[in-house]
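Quick notes on the structure that follows.
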Amino acid sequence: MGENLPLLLSAALGKKVNRPPVWMMRQAGRYMKIYRDLRERYPSFRERSENPELSYQISMQPFKAFKPDGVILFSDILTPLPGMGINFEIIESKGPIIENPIKNIHQIENLKELVPSESLSFVGEVLSSLKKDVNNEATVLGFVGAPWTLAAYVVEGKSSKNYSLIKSMAFKEPDLLHKLLDHFAKSIGEYLKYQIKSGAQVVQIFDSWAGQLSPQDYDIFAGPYQKKVVDIVKEKYPETPIILYISGSAGLLERMARTGVDIISLDWTVDIEEACKRIPEGIGIQGNVDPGLLFGNKESIKERIDITFNKSKGRKYILNLGHGILPGTPEENAQTFFEHGKKLTY
């Protein structure tokens with residue numbers, strides 16, 4: 001890696017920077033009018049995320065509007081599933097629906113090996129266009145869903161309130177679930193390598209539903225497979241920073257640190273100062289402003305950013321929300337978040 005790296009990549013690598021980089025999870029999406037207008041013309045989420053021209057355009061919308069330090073691929077954690085033989089649809093206001101939820105060993109044995117350059121070439125295309133056009137004015141981010149969260153979707157068949165189906169599999173037929181998780185870990189590792197090869201400079205793993213596990217079960221069904229993904233990626237790209245985000249992770253921070261990731265993205269339910277004490281010093285911190293705060297006034301947003309930043313001092317740090325930005329968030333408040341974030345200095 002040459003010098004003149006973009007700010008977010010420099011910070012993620014632990015280099016000295018003048019201010020913390022700032023971006024937002026789900027920064028491209030429903031809170032932006034320009035996105036809603038485009039959605040009216042292209043109502044299918046899968047088309048918006050799998051047509052390279054549309055995905056590129058949407059990925060660039062927040063960059064053009066707010067100039068965040070990170071430009072993240074517009075996609076979905078379920079996007080790689082069809083390449084493994086699992087079809088899905090995303091229904092507006094209902095979320096993802098899996099066509100044939102996984103229930104038995106035959107389905108798992110019939111899963112295809114993911115070959116990203118074949119089934120996900122549109123992702124490669126978008127990332128290389130972003131890398132070229134963003135031109136190091138920001139860092140290009142890729143992302144994936146972690147094995148446990150993907151398994152939760154494909155076993156439950158949709159979003160769930162209590163995850164009874166996947167937990168039933170975990171506690172009645174653990175061997176079956178481990179086989180599925182292992183398949184996902186290898187596939188997702190390959191997918192991340194493909195994203196990095198295509199232009200992603202930093203990548204984030206979302207294990208959105210791992211916070212539904214007890215710490216004991218996290219150590220069996222989530223942590224080892226996160227680590228497997230990280231190991232696969234680091235073997236080929238040891239320098240590429242990896243961020244891990246789990247919603248509801250306050251009870252898991254020490255465990256997350258053992259997966260080999262470079263940065264832990266915190267949700268807003270943990271005090272960032274406390275998190276810094278619990279997470280080993282070499283690991284960076286990202287987060288963790290409550291996205292609900294962006295429904296407040298500008299002063300409260302600025303004040304919370306200052307507090308969060310001051311509590312993170314002395315650490316490798318990236319300013320972000322503690323969850324994706326919420327639909328209905330006023331765009332001018334998102335702008336305040338980015339503008340004020342960029343005024344912070346070390």
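Cβ coordinates are placed from backbone N, Cα and C, and glycine is handled just like the others.
Pulled from Swiss-Prot, these are the features on record:
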type	residues	note
BINDING	ARG26, GLN27, ALA28, GLY29, ARG30, ASP76, TYR153, SER208, HIS323	substrate binding site
SITE	ASP76	site 'Transition state stabilizer'
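Spread of the substrate binding residues is 23 Å (greatest Cα-Cα distance among ARG26, GLN27, ALA28, GLY29, ARG30, ASP76, TYR153, SER208, HIS323). Across the fold, the C-alpha of ARG26 (substrate binding site) and the C-alpha of ASP76 (site 'Transition state stabilizer') stand 10 Å from each other.
Residue pair ALA28 (substrate binding site) / ASP76 (site 'Transition state stabilizer') shows a Cα separation of 12 Å. Counting in whole angstrom, TYR153 (substrate binding site) lies 13 from ASP76 (site 'Transition state stabilizer') by their C-alpha atoms.
When the alpha carbons of ARG30 (substrate binding site) and ASP76 (site 'Transition state stabilizer') are compared, the span between them is 14 angstrom. Using a 10 Å Cβ-Cβ cutoff, TYR153 (substrate binding site) registers 26 neighbours. The two recorded residues ASP76 (site 'Transition state stabilizer') and HIS323 (substrate binding site) have their Cα atoms spaced 15 Å from each other.
Less than 8 angstroms from the CB of HIS323 (substrate binding site) sit MET25, SER247, ASP267, TRP268, ASP290, PRO291, each of them six or more residues away in the same chain.
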